[in-house]
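Undergrad: Mind looking over this structure? Questions follow.
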Amino acid sequence: MPRFADRFVHGGSWPLLLLRALSVGALGGVLFAALNLPLAWMLGPLLANLLLAISGGDVAVPDRLREYFLGVLGLLLGGQVTPQLTSRMLDWPVSAAALLVGVGVSTLVGAWWYRRCGFDKVSAWFSSAPGAMTAMIMMGDKAGGDPPRIAVAQSLRALIIVLVLPPFFVQYASAPAGVVATVEGVEGLWLLAALPAFIALGRSLCLPNPALLASMLIAAGLGAADVARLHLPYWGVEVMLWVLGSAIGARFSGVKLTQLLRYALQTLVATALTLSVLASFAYLIHLLLGVPLHIAILAFAPGGIGEMAILAMTLNIDPVFVTFHHLLRLISLMLIAPIWLHWLQRSGVHKAASVKEKL
């Protein structure tokens, strides 16, 4: 590789890693937009950075920058809440209960599959959880599991969902491939200046994913009271997608291609099983409550809350309903995971793993 090209792909301080990630992401975004593919400015940067990362290239998006743009997403999502929305929330406890049961069943099915694939008991359970990826990796490690295996399984699940669902919804819901959940004009830019304070508040309250959730809850309160909401022009939303898509792809930096391929088929089957179970519960909600099927499926899909919120907002698929259910899934997993951890430790798995490490 020529020296200049090698320096562009490898090494450097964090500003160079960020510049590399955003530059490669921009190329991916332009290509996807030219091909009129769905969510071009999220999926293009995501795949471009993913390919560079697993090929050995060094890319990174600093956590602070990623969190800020997650906060922007939260402000946009919260701004979807209106005083008229409260009447619709009366049906949500039914769908919430169905989601919780669906999460439990899908986790059981996923764990069964991973055990058949040779995963140890701990790794199977924490790999099968449909969400809360970082917490699952950390708790799985504490319980004596295999952190790299859990990390790859969880990362591939989120990646598969975010790559598969957009074309489905563009086709099924007849949504255009580009961003549609935008408005003309600009409003509430002061919220962008206040965003760091919102994120700090979320951290102090120990919220899961504080950048997204704190800003979303504050914006929802302001929107419900008709006080203020953030409106960005079309290009502003595209910039947000560009940064977040690049950040998602750059997360795979340091992951070897062989490592991904080793577990790709196993995770693909596990994701299909999980999605099938949750889609069945979504269909039940469609029948019981009359929620459009594509909205129910997106609300129950086992993807990352940030990625699913982006998809709901940009394709205008009832973003408040969808985000509420993904938030509930995240919180339920965060509450249930310590119980799994305690159960696995009491069952002797953790002790056996510790003895094995010493040997």
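The backbone N, Cα and C atoms fix where each Cβ goes, glycine too.
Here's the feature list from TrEMBL:
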type	residues	note
TRANSMEM	12-35	transmembrane segment
TRANSMEM	41-61	transmembrane segment
TRANSMEM	68-86	transmembrane segment
TRANSMEM	92-114	transmembrane segment
TRANSMEM	156-173	transmembrane segment
TRANSMEM	234-252	transmembrane segment
TRANSMEM	264-285	transmembrane segment
TRANSMEM	291-315	transmembrane segment
TRANSMEM	327-344	transmembrane segment
Undergrad: If we call contact 3 or more Cβ pairs under 8 Å (sequence gap 6 or more), are the transmembrane segment (68-86) and the transmembrane segment (291-315) touching?
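TA: Counting Cβ pairs under 8 Å, at least 3, so yes.
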Undergrad: Mind checking which residues reach the transmembrane segment (41-61)? Cβ under 8 Å, same chain, six or more beyond either end.
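TA: Those are 9-12, 14, 17-18, 20-22, 24-33, 159, 162-163, 166, 179, 238, 241-257, 260, 307, 310, 314, in sequence order.
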Undergrad: How about long-range neighbours of the transmembrane segment (156-173): same chain, 6 or more residues beyond its ends, C-beta under 8 Å?
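TA: Beyond its ends, the transmembrane segment (156-173) has Cβ neighbours at 37-39, 43, 46-47, 50, 130, 133, 248, 260, 263-264, 267-268, 270-271, 274-275, 294, 298, 301-304, 307-308, 311, 315, 317.
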Undergrad: Where else in the chain does the transmembrane segment (291-315) make close Cβ contacts, counting only residues six or more beyond its ends and a cut-off under 8 Å?
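TA: Residues 38-39, 42, 70, 73, 76-77, 80, 91, 95, 99, 102, 106, 130-131, 133, 157-158, 161-162, 165-166, 169-170, 172-173, 175, 179-181, 209, 212, 237, 241, 244, 248, 271, 274-275, 278-279, 281-283, 285, 321-327, 329-330.
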Undergrad: Cβ pairs under 8 Å only, please: of the recorded stretches 12-35, 92-114, 234-252, 327-344, which one is richest in them relative to the transmembrane segment (264-285)?
TA: 92-114
Undergrad: Between the transmembrane segment (12-35) and the stretches 92-114, 234-252, 327-344, work out which stretch tops the count of Cβ pairs under 8 Å.
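TA: Of the candidates 92-114, 234-252, 327-344, 234-252 scores highest.
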Undergrad: Mind checking which residues of the chain, 6+ beyond the ends of the transmembrane segment (327-344), have their Cβ under 8 Å from one of its Cβ atoms?
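TA: Cβ under 8 Å, 6 or more out: 96, 99-100, 103, 121-122, 125-126, 129-132, 135-136, 139, 142-144, 208-209, 213, 302, 305, 350.
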Undergrad: Would you mind listing the long-range same-chain contacts of the transmembrane segment (92-114), meaning Cβ under 8 Å and 6+ residues beyond its ends?
TA: 123-125, 127-131, 153, 266, 269-270, 273-274, 277-278, 280-282, 284-285, 288-289, 291, 296, 299-300, 302, 321, 324-325, 328-329, 332-333
